[in-house]
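Presented below is the structure to which this report refers.
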Amino acid sequence: MDSALSDPHNGSAEASNPTNGTTRPPSTPEGIALAYGSLLLMALLPIFFGALRSVRCARGKSSSDMPETITSRDAARFPIIASCTLLGLYLFFKIFSQEYINLLLSMYFFVLGILALSHTISPFMNKFFPANFPNRQYQLLFTQGSGENKEEIINYEFDTKDLVCLGLSSIVGVWYLLRKHWIANNLFGLAFSLNGVELLHLNNVSTGCILLGGLFIYDIFWVFGTNVMVTVAKSFEAPIKLVFPQDLLEKGLEADNFAMLGLGDIVIPGIFIALLLRFDISLKKNTHTYFYTSFAAYVFGLGLTIFIMHIFKHAQPALLYLVPACVGFPVLVALVKGEVAEMFSYESSAIILPHTPRLTHFPTVSGSPASLADSMQQKLAGPRRRRPQNPSTM
């Protein structure tokens, strides 16, 4: 999991400096403010819309429309598996050629990014199709065996509108594959983040506390204790982070002096914020107090991270500030309102998510956008996907 907020102007960002011996001119205060403000805005968008879409996803009637649910056991194992994966990637980059590793990763994320972006834009695109659009239904079916032993491997239903979204996403994918442009990177990163918040669900608040608490320690150790996370983040040429150039005002779209934010700093707090939105809805009070409180807490925590990083000129583990804010603020509100017992007794899978499948294993690259996209890919390519009655409603 890449979850460090990094500034290429600090000492931990040598990889972003020019290699021709020249010194990179310092960014202007306006450029720095624009970069960090843009990162903050980009982080908020997938959390807000992903949380709203998670409610609709949770209420899906078909079992194939259900999200993956993270239990307390999964949450406890997550930081350990993420640490092993991060260290493994670090050793890979040290032992093998970075060029070939990134070529394989580019192809992998090219496919997953197209699927993620297509799934993300589908509800928005449906609003622009005319009523007389010739929308035909298709089915992709792969089976194994014959007769009574025939077993379905893939049974995926889609329509013409899905193909249009897939085509548009493929254009972005080719752009990313050929140019590695930061805008294409961010489009894929935002899609991965939104899908992660929408499709990965915590079953209760206690599980969320276990997950965030474990990753709180994980983030501090791998950022302050070693250079592993920052090294992997800068060597990993894949949309596992959002970036924004600090020299955009000077160089335009060809700017190359980037500030970055790992997707883990968006998705991990985001799935907890989405859980609190579903808790708000379960209270049936027509208020979203805990959702807005945690959302404001996220803004405060990320803003504090940026401030501290700017003061100390060193990459910061954003979860160091985000976890206490996103957990502490809603709990304080619950104490004031006398709803602590209701908050910690709430079971998302029992109230809003009947029959939600349990996440029984972690994908190959736990905690990274690969794991989130892999879970999303399993959903998209699962036994059957039924389109919601009103796909444009979030």
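Glycine too: its Cβ is placed from the backbone N, Cα and C atoms.
If you look up TrEMBL, you'll see 1-27 marked as region 'Disordered'.
Sequence annotations record features per position, and here TrEMBL assigns compositional bias 'Polar residues' to 13-25.
Under the heading transmembrane segment, TrEMBL lists 33-55 (among others).
For 75-93 (among others), the entry in TrEMBL reads transmembrane segment.
Per TrEMBL, transmembrane segment is recorded for 100-121 (among others).
Residues annotated as transmembrane segment in TrEMBL: 199-224 (among others).
According to TrEMBL, the transmembrane segment annotation covers 258-277 (among others).
Positions annotated as transmembrane segment by TrEMBL: 289-312 (among others).
Residues or ranges marked as transmembrane segment in TrEMBL: 318-336 (among others). Residues 3-5, 208-209, 212-213, 215-216, 218-220, 261-262, 264-265, 268-269, 272-273, 276, 289-290, 293-294, 296-298, 300-302, 304-305, 308, 342-343 of the same chain lie 6+ residues outside the transmembrane segment (318-336) yet bring a C-beta within less than 8 angstroms of a C-beta in it.
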Contact yes or no, the transmembrane segment (258-277) and the transmembrane segment (33-55), 3+ Cβ pairs under 8 Å, gap 6+: yes
Surrounding residues of the transmembrane segment (33-55) on its own chain - C-beta under 8 Å, 6+ positions past either end: 5, 27, 67, 123, 186, 190, 193-199, 201, 242, 244-246, 248-249, 258-261, 265-267, 269-271, 273-274, 277-278, 281, 291, 295, 298-299, 302-303, 306, 310, 352, 394
Close approaches to the transmembrane segment (289-312) from elsewhere in its chain (Cβ under 8 angstroms; 6 or more beyond its ends): 5-7, 10, 32, 36, 39-40, 43-44, 47-48, 51, 265, 269, 272-273, 276-277, 279-280, 318, 320-326, 328-330, 333-334, 337, 343
